[in-house]
Every structure is written in structure tokens, then in C-alpha cells.
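Structure, as C-alpha cells:
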């Protein structure tokens, strides 16, 4: 290790140009910031899109000049939204939020920032592949944004891009060049994600500092590590699904197409099955939910423990439940397909495995709550978002028990009940985890503090509006309202839902605007915020032993040795209410857990 | 104009935030400490807000159930529908109980254990017995739900047809229409494929197959009350989904394959129109419609498309009429068979 440290000391002296420092950086801390800021830009686009289609849902057919300004004469003539662009907006909103914000933005940022810092490594195992991972993600983002400007409109087949809708431009205009760009963008994205994930796995396994055994890893690292394994095992399947779809679209193959007549013409394709695509898609799609959620849960474990000034309750159970959730997440994908015509027996199997996931999830929720019990809670903005996450994780997870039950799914499948469920359990929980992470590790990223009061304001408006948007959707779903409807005016039975739709849109607009507080706070504090001390949250983990100013190689001297787990908060017999991992055990002290 | 005003407001807003932040930071510098450290005062305020949120959350939950309870689907119109609703109620009761226990505890703890200077948190890192309890209790509850759910699922998907042979009806989906094909007197659907489509043969029946000759094609779905109906689903172009919310039934229509779902309608359209909850709903909706100057609405069952299928996805519907057996027999005898329509 000392030879390596020496090499890095020399490296440190190297002159860095603007390009090697800020653009083609191989330093994990800079790459983390690149992921975060790209993710935030994509997030602004994704959220803005949701506000546009919420306008249409609350006041269908009403003229909004802003729609004409943003979407143009082609897609919003006179300010009235076109049904095709509505579908494009929901499709791209879903794609951007799921992949670009909550996968790359969340995992890319915090895995990169925290894995080397928290395990005591100078950098990722391969800085070069790490850099490539970001630039593939960047290229993928550029292609996805470019697809918004295609003449016929971007991909509009839903974020799940089920063929034949996604395969046939005759079926929907967005399945032309827009869909091709979507597939190209996702291919680049998958490459980026795989390079990132391999790096995370290798780094965690090989570069832990002395004393950092797997059972001493902070739960953040456990979460990122298992997330990376999920990504490596499942994203390639999406890649194959996307490639076969490209073949069907451009080369006349029939993997997913059979017996189709469209635009008055019978297609020659024979023998394919769209259900095959659904299986391939959801084999990624379901682990993907946990690729999004686990990092947020990992961040929450760390933030809740630190700010409760208490050890995380049941560390081993927490690790066990991460592993259990990850394992089960590979054998539950069929619960998205109960009404596709899949064999009812398979439906039974998937119901069984799906409901099992509720057990480790319940353990996690109860352990978080017990961590708060008899704590000395410090309400930093990060802590507020973490508590918000526990609330949404419980509220959204519970309806999963309904949707995972094949018998009950029949009548609520693809309704707003599902929209409510997955936005609360996955969308809100993950975005709250991401906010918590940004507020908590901002001093580590920029050496400055974010403004506390703006953070409080941001949390409360966001939290209230988030529930205000998604909780009422349970009721519209139980009225039988299908998702992805451009308008519900064609069915008089839904006329009494319009007030609810207006209310939802109101909360969406207020909540959307409240994000300005965050964006302002973020950029202002990054440039002008007050300087942070080395360990502002009085935390135990290794990243707070590095200097405030970023240096290449993270620690100026030797990498510190680890002597205890990460959660010795308020340990009896200690002077302070925290004991960093680098502090050796006292004489006669029992090592925690 | 709207844009200009919006822009000015946004700019002024950002300037205002910037000024407030500056003043805030300047004042904390005077006090010689980092104004962004969390103080006991902050913990008190935020803890109270947490408690307040928890209370308001529960109150609005109850308010939503009371206020919007009657927009939800009510009386089921099929035989398995009541089993479905019962399973729904049991599952919902369980999750609501957990919800109204766990959420208040979370926000109560947030308030109760808000930080104060000088107090030390309790070092409590695990308790195997406690963790065993909240592993085993959910596991047992879920075991019950799984067994009950799978029994219902199996009953719904494999209905017992020993007493009564179901009538076979095909639902044929295409952008953006539904077409029904009754199997006719022989109760067997003729072979069909998109390659046979042409002229009045809109669903592509193979005229070489005699089973198809007495098939009946309609644009309206009329079902006899009390008679099991086995639906076969096909699609002409892309995936659609046949969603019958009042009958608690749904199945995708997938090009290249035939899917199926069977249910027995138990409430005729006329009877459903006299159902108290439906009467109330119709009354409420007609009040809204008359205020908007729309024609008044009479309740009808309806078939919706519930899988994204393109521009008019939101208007791909078909009326369903459930009638007494005699009325059905009369109606079906008036329809032209496939052979007659050629």
C-alpha cells in the first residue's frame, strides 16, 4: 500500500489542465459531480414534462399559450396539446426519470463519490473506465434530448416501449426516428451503466483499506455494491431486448411481430411474440426498481443513523434484507404481466415470490423506525428527506401487496392506482434519498455548506406536494381510470374525477416550482456558500477524514486504517457522541455489533 | 404577456432569495458560528412540524376516504366480482391497519426524540427477538394473503364449467375500435387470421372453415345475465387490453396469439341502473355535466382499452349491455351470420 501511496503523492504534483480536471477527469469525485449535474439537468426536463401533461389532464382541451411556446405549432397548435405529443411526454418523462435521474443520477453520483471515500481507496479500480462511463452517459443524454427534436416527435410507446407499438411507425408517429434515437440512447446508457457497475463491484471487493472487512462496510456501500451486481446481471438483458427490437424495426426480422395488419397492409412478419419482449424487458425492469431504490435506502441508513446519533438498528438484518431483496428482485418480473395472457400457473408463482419481498422490506422499515427510537434527532435537511423516504417507502410499499397479488391486479392493472403506487414507493423514495444524499454530502463534494433554511423550505413544500400529487391517484385508479389517457372526457363515468385531477395538477405545479429553491441553493452554495468544516455532521465514516479541499488520491498521507464499524454513535463510555472508524478500540472496549 | 410577467416574477424571486440568504449568512457570521449547523431551536421547530404533518396526513387520509369514497367502483357486476371485492377488502383492511399504525409512529418518534443539547441517544444496535418478531409477523400475514389470493386467482382463471357450457365470444381489437364476434349456434369460433381480412370480413375469418359460417360480428357487446361467457381476445395490429372495470376483468389482446378470460355477468344493465350507489353516481355526474352544458348521462357498462395504443387510445371503447336471457336470445337471432353478411 505504501508504494501506491507514494506513487499517488507524485501524481498529486502533476499539472492538471482545465480539460483533465473538469472535463475528461478520471477522479471519482469530479465524475460524481458530473453525474449529479447531468442528472439534475435531465431531472429538470423530466419534471417540466410532467407539469405540461398535468396541465392537459386538469384542463383538457384548454388553450395554454405556454404549451404552444414550448411544443410549437406542430404539437400544440393554438396552445392545445396533441394526443400524440401527450404520449411522447409521458414516455420521455418516464424514461428520463427512471434511467437518467434515478439510475445514473443517483447511483452514478453517490457510488462514485462514496465508494472510494468510504472504503478507504485512492480512487476507483479503473479511473479510465469510470471516465468512459460518464461520457457514455453524457452521449446517451445528448441523444435522448436530441430525440425530442425529431420531426415526427420522440418515442411515444410508453417507457416500457412494448412492441409492436414501438416497432411500427404506422402505429404511432413517435415510433419512427424518435424510437430509433431512444434505442441508440439506451444502448449507450447500458454501456455506461455496465462500465460503472463493474468498477463499483471491483473497487468494493479489492480496494478496501486495512480493517475494512465486509461486515464493517457502511450500509451505503452495501447498497451500492448490491445495486451494481443487479445492474450487471440485468441491464445486458435489456440490451438484447433493444437489439432484437432494432432488428425487427430495421431488418425485417420477426422476434416480436406476428400476424399484423396495420394501415390496411398485412405485414410479412410471422412467428414472433410481443410477450417475449415483455419478459425480456421486465427481467431488467423489475431489478431496475431496486437499482433505483437500494442506493436511496443505503443513503437513508447512513443519514438516519448519523443524525439520530445512534447506531443503525440491526445492521446484519439490514445487510441481509438488501441481499434478500436483490435476490428476490430477479424472480418477480412476471408480476408486471399478470394480464398479458401468460399462463395463470406462472402468475401464481410470481405472486408468491412478489409478496415475499414485503418481508425484507418490512424489516428495513421497522429498523429505520427503531433507529429513531430514543435517538437525539438532528433535523438537517438530509434527515428530513430521509424520514420522508421512510414514510413514502411504507405508504407506497403497502399498496404493492395489493398489486403483487395476481387476483387483485386484474382490475387495477394499468390504472392510476399503479401510477400512485410506483411513484410513491419508487419515485418519491428514490428522489428523497437523492435529495438527502445531496444535502448530506454537499460539504464533501464542494467544501461548502448548503443553506439550511432553504433546505427546510424545499423539504416541506416538496413533501406535502408529493403526497398531494400521488395520494389522490389511488382514488382515481379505484374509479377505474386507466393510465396514459390523454383525457378522461370521453367516458362520462369519469366526469366526477375532474376536481381530483385539478387538485393533483395544483400540487404538481407548486411542488415543481419549489424545486427552484433547491436548484438555487445548490448552485449558489457551490459557488458562494459558507466554507464547511472537515466533519460538519460529526460522522464516523471515512470520507470525513479527508481534507475539505479535494486532492487526487483522497488522503494526503497514508490511507487510514479502520478499527470499528461505522455506527458507533453515542457509545457508552466515550467522550463524544461519535467515534470515527479510524479510532482504535480502547483498552477493554467491546467492538460494537 | 403572461410569459413576460412570469419571467419578471421568476427573476425577482431569485434575487429575493439571494438577498435573504446573504443577510442570513451575514447575521450568522456576526454570531461567530456556522448558521447552517442545526440548533436545538431548529430541532424543536422541525420536530413539531413532523408531528403536525403526521396528524394532518392522517386527517387528510380520512377526509379523502370520506370525500372520494363514492368515486370508486362499487357493486361488482360479475360472479367472481364479489369474491374479488372480498379479497380486496381483506387485503385493504390489512394494509390500512399497518399504514395508520406505522405512519403515526414514524412522525411521533420524529417529534418525541427531536434533539436537545446535552442529551445522549441510547446505544441500541440490535435485538434479535424484536427483529424476529417483525420478520415472522409479516411473513405469517403474507402467507395468509398469498394462500387466499392464489385460491381466488385460481378460481377466477380456471372457472368450473361442469354445470353450464359458456358461450364463446371473441373480442377483436384494432386501432381504435372493438369488434365482437359471437361463436354462433355451434358455439365454435371459425379460424381467423389477419390475412383473410377483406371486404365485409373485418376480423379475418377463414371462409373455408365451416365453424366460422354462423359466427356473428357486432359492434356492440350484448351479454346474457347469468350465463358464463368465455372471451377470446385477438388484436389486429398492436397490443391492446380489454378492461371491464365493472366486471373486475381485464386481459391483454396480443397480435399473433389468442388470450382468454371467462366471467359470468350477474347484474343486468337495467338492474345496475337501479343500484343505489350507481344512482347516486349518475346523479352527481349529471349535476357536473349540466353545469358544463353537456347532455345528461345514463349508466352503461363499458369496455375500455387499457394498454397504450396510440393517439386515440383514450377513446377506444365499446358499450356493453347485459340483458335477460330471453332478450339476449331475441337480439342474437336478429343478427346476421358471417355467411349472410358476405
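Easy rule for this one: first residue shown is 1, then count along the chain.
Heads up, the Cβ atoms here are built off N, Cα and C, so glycines get one too.
Whatever TrEMBL says is automated annotation, not expert-curated.
According to TrEMBL, the transmembrane segment annotation covers B:6-24 (among others). Proximity of distant same-chain residues to the transmembrane segment (B:6-24), defined by a Cβ-Cβ separation under 8 Å and at least 6 residues beyond the stretch ends, is recorded for 35.
Within the chain carrying the transmembrane segment (B:49-68), a Cβ under 8 angstroms from the stretch's Cβ atoms is held by residues 99-100, 103-104, 106-108, 110-111, 114, all 6 or more beyond its ends. Summarising the annotation, TrEMBL assigns transmembrane segment to B:49-68 (among others).
Taken from TrEMBL, the feature domain 'Cytochrome oxidase subunit II transmembrane region profile' applies to B:65-160. With helix defined as DSSP H, G or I and strand as E or B, the domain 'Cytochrome oxidase subunit II transmembrane region profile' (B:65-160) counts 71 helix, 2 strand, 23 coil.
Per TrEMBL, transmembrane segment is recorded for B:88-111 (among others). Listed by sequence, the residues of this chain that lie at least six past the ends of the transmembrane segment (B:88-111) yet keep a Cβ under 8 A from its Cβ atoms are 47-48, 50-51, 53-55, 57-58, 61, 141, 145, 148-149.
Under the heading transmembrane segment, TrEMBL lists B:132-151 (among others).
Feature annotation from TrEMBL assigns domain 'Cytochrome oxidase subunit II copper A binding' to B:164-334.
Taken together, the residues in the domain 'Cytochrome oxidase subunit II copper A binding' (B:164-334) have a mean pLDDT of 94 on the 0 to 100 scale.
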